[in-house]
Amino acid sequence: MKANYSAEERFLLLGFSDWPSLQPVLFALVLLCYLLTLTGNSALVLLAVRDPRLHTPMYYFLCHLALVDAGFTTSVVPPLLANLRGPALWLPRSHCTAQLCASLALGSAECVLLAVMALDRAAAVCRPLRYAGLVSPRLCRTLASASWLSGLTNSVAQTALLAERPLCAPRLLDHFICELPALLKLACGGDGDTTENQMFAARVVILLLPFAVILASYGAVARAVCCMRFSGGRRRAVGTCGSHLTAVCLFYGSAIYTYLQPAQRYNQARGKFVSLFYTVVTPALNPLIYTLRNKKVKGAARRLLRSLGRGQAGQ
């Protein structure tokens with residue numbers, strides 16, 4: 001009896017077992033993206049902490065984004081790699097719940113953090129003379145803390161609401177992670193409409209409210225850029241905000257597709273490829289998007305390498 005109970009408390013994650021010839025390729029790509037994510041985001045945090053020239057609100061928020069991305073990917077990639085190397089993965093319910101909580105918390109925190117970064121850029125471009133007074137270190141800490149707290153709150157709320165829904169057998173997930181839309185597909189019918197509507201409303205708030213803030217912020221930036229007289233300032237503003245918009249489009253496009261559709265319409269086979277993009281690919285691209293054309297970050301990297309070289313020569 002105990003064995004039967006423990007079997008019922010596990011989820012079978014099929015991952016990409018329907019495409020066996022694709023699994024070795026995906027394994028290599030996912031591992032490469034994961035290494036790029038850890039390396040790129042760690043380097044970004046190191047540079048921002050060590051170089052006084054990067055002690056500004058923009059890089060403070062970028063550090064938090066780097067930490068979110070590294071944690072978000074780490075909550076997903078290890079079981080995904082295990083799944084790609086072998087047969088379908090059996091995951092205990094406790095592990096599944098922990099993964100769901102972590103990915104929801106970090107993904108939600110990223111939604112809010114991207115909105116905070118958009119507000120920061122709008123303040124820098126639209127109010128350059130008052131920027132230092134508006135965006136104080138205390139405000140930066142408050143906004144960053146609010147991003148993490150919002151993510152944690154949404155994660156706890158969504159997980160608690162999901163726990164109210166009884167899940168029907170077989171507990172088979174055509175996915176590589178315990179993602180909310182895939183788990184909702186297993187929920188039994190009946191009295192769950194109210195709970196599901198509450199969960200959907202929470203997802204709308206955590207996704208669309210920050211997205212609206214982002215659109216409004218970059219609308220204000222666009223108006224300010226059009227009024228600029230100097231082409232140099234216009235190019236800097238467009239370059240900085242353009243990189244932010246690229247990251248926003250990559251993340252929000254796939255996240256909105258995944259989370260803002262009814263559970264009945266959710267296609268697991270298509271959904272796992274979309275999820276692969278925003279959980280693995282986007283975190284690997286973010287350090288490149290934000291730093292590839294950033295002269296301050298490149299300068300900080302050169303200074304760090306020179307200091308390390310002098311240290312080695314001194315020994």
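Counting starts with 1 at the first residue shown.
Glycine is treated like the rest: Cβ placed from N, Cα and C.
The disulfide bond annotation in Swiss-Prot covers CYS96-CYS188. Other C-beta atoms found within 10 angstroms of the C-beta of CYS188 (disulfide bond) number 11, with every protein chain shown included. According to DSSP, CYS188 (disulfide bond) sits in a coil region rather than a helix or strand.
Positions annotated as topological domain 'Extracellular' by Swiss-Prot: 1-24 (among others).
Counting residue by residue with DSSP, the topological domain 'Cytoplasmic' (49-56) contains 5 helix, 0 strand, 3 coil. Swiss-Prot lists 49-56 (among others) with the feature topological domain 'Cytoplasmic', giving sequence analysis as the kind of evidence.
If you look at the topological domain 'Extracellular' (79-99), the same-chain residues 6 or more away from its ends with a CB under 8 A from one of its CBs are 9-17, 23-24, 26-27, 30-31, 34, 159, 176-178, 183, 280. Positions annotated as topological domain 'Extracellular' by Swiss-Prot: 79-99 (among others).
On the 0 to 100 pLDDT scale, the topological domain 'Cytoplasmic' (120-138) averages 90 in this prediction. Annotation comment: Swiss-Prot describes 120-138 (among others) as topological domain 'Cytoplasmic', evidence class sequence analysis.
Residues 8, 10-16, 76, 79-80, 83-84, 91, 96-97, 99-101, 103-104, 202-203, 258-259, 261, 263, 266, 268-269, 271-272, 275-276, 279 of the same chain, all 6+ positions outside the topological domain 'Extracellular' (158-195), place their C-beta atoms under 8 angstroms from a C-beta of that stretch. What Swiss-Prot lists as topological domain 'Extracellular' is 158-195 (among others).
According to Swiss-Prot, the feature topological domain 'Cytoplasmic' maps to 220-236 (among others), an assignment based on sequence analysis.
The topological domain 'Extracellular' annotation in Swiss-Prot covers 260-272 (among others).
What Swiss-Prot records for 293-315 (among others) is topological domain 'Cytoplasmic'.
What Swiss-Prot lists as transmembrane segment is 25-48 (among others).
Taken from Swiss-Prot, the feature transmembrane segment applies to 57-78 (among others), supported by sequence analysis.
With a cut-off of 8 Å between Cβ atoms, the residues of this chain six or more beyond the transmembrane segment (100-119) that come close are 58, 61-62, 64-65, 68-69, 71-72, 75-76, 143-144, 146-148, 150-152, 154-156, 158-159, 162, 177-180, 183, 206-207, 209-211, 213-214, 217-218, 244, 247-248, 251-252, 255, 279. The transmembrane segment annotation in Swiss-Prot covers 100-119 (among others), and the record cites sequence analysis as its basis.
The transmembrane segment annotation in Swiss-Prot covers 139-157 (among others). If you look at the transmembrane segment (139-157), the same-chain residues 6 or more away from its ends with a CB under 8 A from one of its CBs are 57, 60-61, 64, 100-102, 104-113, 116, 119, 202, 206.
Positions annotated as transmembrane segment by Swiss-Prot: 196-219 (among others).
Tertiary proximity for the transmembrane segment (237-259) is limited to same-chain residues at least six positions away from its ends with a CB under 8 Å from its CB atoms, namely 58, 107, 110-111, 114, 117-118, 121, 125, 179-181, 203, 207-208, 211, 214, 218, 221, 224-225, 228, 271, 274-275, 277-278, 281-282, 285-286, 289-290, 292-294. Under the heading transmembrane segment, Swiss-Prot lists 237-259 (among others), citing sequence analysis as support.
Within its own chain, the transmembrane segment (273-292) has Cβ neighbours under 8 Å at 26, 30, 32-34, 36-37, 40-41, 43-44, 62, 65-66, 69-70, 72-73, 76-77, 80, 103, 175-177, 179, 243-244, 246-247, 250-251, 254-255, 257-258, 298, counting only residues six or more beyond its boundaries. Per Swiss-Prot, transmembrane segment is recorded for 273-292 (among others), and the stated evidence type is sequence analysis.
CYS96 (disulfide bond) has a Cβ environment of 20 other Cβ atoms inside 10 Å. Below 8 angstroms of C-beta separation, residues 63, 296-297, 299-300, 303-304 of the same chain, each at least six residues beyond the ends of the topological domain 'Cytoplasmic' (49-56), sit close to that stretch. In this structure, CYS96 (disulfide bond) is part of a helix by DSSP.
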